[in-house]
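Listed in TrEMBL for this protein:
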- 12-37: transmembrane segment (TRANSMEM)
- 49-69: transmembrane segment (TRANSMEM)
- 81-99: transmembrane segment (TRANSMEM)
- 105-123: transmembrane segment (TRANSMEM)
- 144-164: transmembrane segment (TRANSMEM)
- 170-190: transmembrane segment (TRANSMEM)
- 211-230: transmembrane segment (TRANSMEM)
- 236-254: transmembrane segment (TRANSMEM)
- 266-283: transmembrane segment (TRANSMEM)
- 343-365: transmembrane segment (TRANSMEM)
- 377-403: transmembrane segment (TRANSMEM)
- 457-476: transmembrane segment (TRANSMEM)
Amino acid sequence: MSIAFSRQPSAFKLMCIIIMPAMLSMYGLVAIVTVFMVNDLGMSEKDAFLINGAASAFSTIIYAIGGYLADKVIGVKRSLIIGNLGIVITLLLLSYAAAIGSIPLAMIGIAGGGVSRALANNCPSNLISKAYKKDDIRIDSAFTLYYMMINVGSCISLVITPLIAHKYDYSTGFAIAALWNVITISIFLWKRNLVKNLGAQADFETIKVKTYIALFLGLTALTLLGSWLITHYQLMQMLLIVALGIALAFFINYMRKESKAQQKKMMASLVLLGFSVVFFILYKQMPTSLTFFAIHNTRHEFLGIPFDPVSTQALNPFWIIILSPLLAIFYERTSAKGHGASLPLKFAMGMIFCSMAFLCLSYGASFMADEAGRVSAFWLILTHLFQGLGELLISALGISVLAQLVPNHMIGFTLGFRTLTLGISAIIAANLAVYIAVPESSGSVDSLQTLPVYASYFLKVGIGALIMAVLMLVTAKKLNNLITDSDAEDKEQVEATS
């Protein structure tokens, strides 16, 4: 891992450093917010799942706007700073809401966090993309290592934040999450010279005061709008579909203006992003069905060691940390020798692992539960291992796909568009998870009653993922030909004009 990391440019290393505290903050929120809505705010599991999905969808709509602002209006580096500052403010508001038990303030805090992350979260990967040439063989290993750093932060946070919330309260958990973003801003300002030559055109232009005022007013309005929308699920779904359609129209319009070779690459990226939507439906089960399965139907000890069931979410980034450096070295060596697997094949293999994750958990719930209706934590450990392998092959490389297949001037918009497609995943995942939510009137949870519901649910999800994996395998060769043929056309055009 040290060899693969040392070969990367300084800008990449800085982004890896600042992304860790940012993820400590973000996944601190992810770890406890759904359980917080149920335990502290008194919501039903169904409402908490749907609000969680609607909040994710809302933030993804704003991500497309955030990508545009970073590329065209205020610049990538300013977006990173302003976005993280906004996250600090909204997390402190959420901390106050938790202290006084205010649902309206909590919704403003959740929505405001989504708006602020829309500005901040794509910026590091945007800067990393600009630090490499298109044919740089280090790019796959770079994004895999970057994804590992994300998961180092998330793993630590997913373990400690639920413990802090359990020992103290949710208000303290949110306040500590805000502190991590303060650290992110401080490190970036300290070492910003490492990326002084990188960024969008707007980074190298002077921004007028009236632009900052308009930005503040716009972000505030979006936050208030979002706090209302996330409690109105159906309307949120309709808006997401409309926003996705508009973004797709812009993408196609941009694509028509490119060369035929570039058009083929962009078309391939669209198909692969469509496949990644299916993966993120599975990934979004982590804070909903997988976490509540850990709460209701998993024994809360492993090898005699007790654990907080909410912290089982940390198993996912734990496996990412273990596997990332191995895959990074493997990618770099196989690419250097010309034996690397195609991107479409990597996607297909990732989906196979995701299918195995849910099928094995269904098996454990169906046949390995004790008389109390609970299974060993081993089945969740195994599930997150397979899910982690799938995530590395699909999600981390999803960013790599965009860096390789779309032109530089579209990276910011396309990263936002990619995140917008994830909103569809969040909405679908939330609606699926509703089927296993404990009814509000049920009182105490009977593990023997919820066990067969989870077993059946995980079986259906696993079979659906397997069907999608087969479809990916069938189309992998054709997609790869689309990419490689366009590369050959690019080369011919360069030779013809030289």
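Every residue, even glycine, has its Cβ placed from backbone N, Cα and C.
TrEMBL labels come from automatic prediction, so no person has curated them.
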Inset, instruction - Tally Cβ pairs under 8 Å between the transmembrane segment (12-37) and each listed stretch (49-69, 144-164, 343-365), then give the stretch with the top tally. - result: 144-164
Legend entry - Beyond the flanks of the transmembrane segment (211-230) by 6 or more, those residues with Cβ under 8 Å of it: 51, 54-55, 58-59, 62, 69, 73-74, 82, 86, 90, 104, 107-108, 110-112, 114-116, 119, 236, 239
Legend entry - Proximity of the transmembrane segment (236-254) to the transmembrane segment (457-476), 3+ C-beta pairs under 8 angstroms: no
Legend entry - Stretch in 49-69, 81-99, 170-190, 266-283, 457-476 most in contact with the transmembrane segment (343-365), if contact is a CB pair under 8 A: 457-476
Inset, instruction - Find the member of 49-69, 81-99, 170-190, 457-476 that has more C-beta pairs under 8 Å to the transmembrane segment (266-283) than any other listed stretch. - result: 457-476
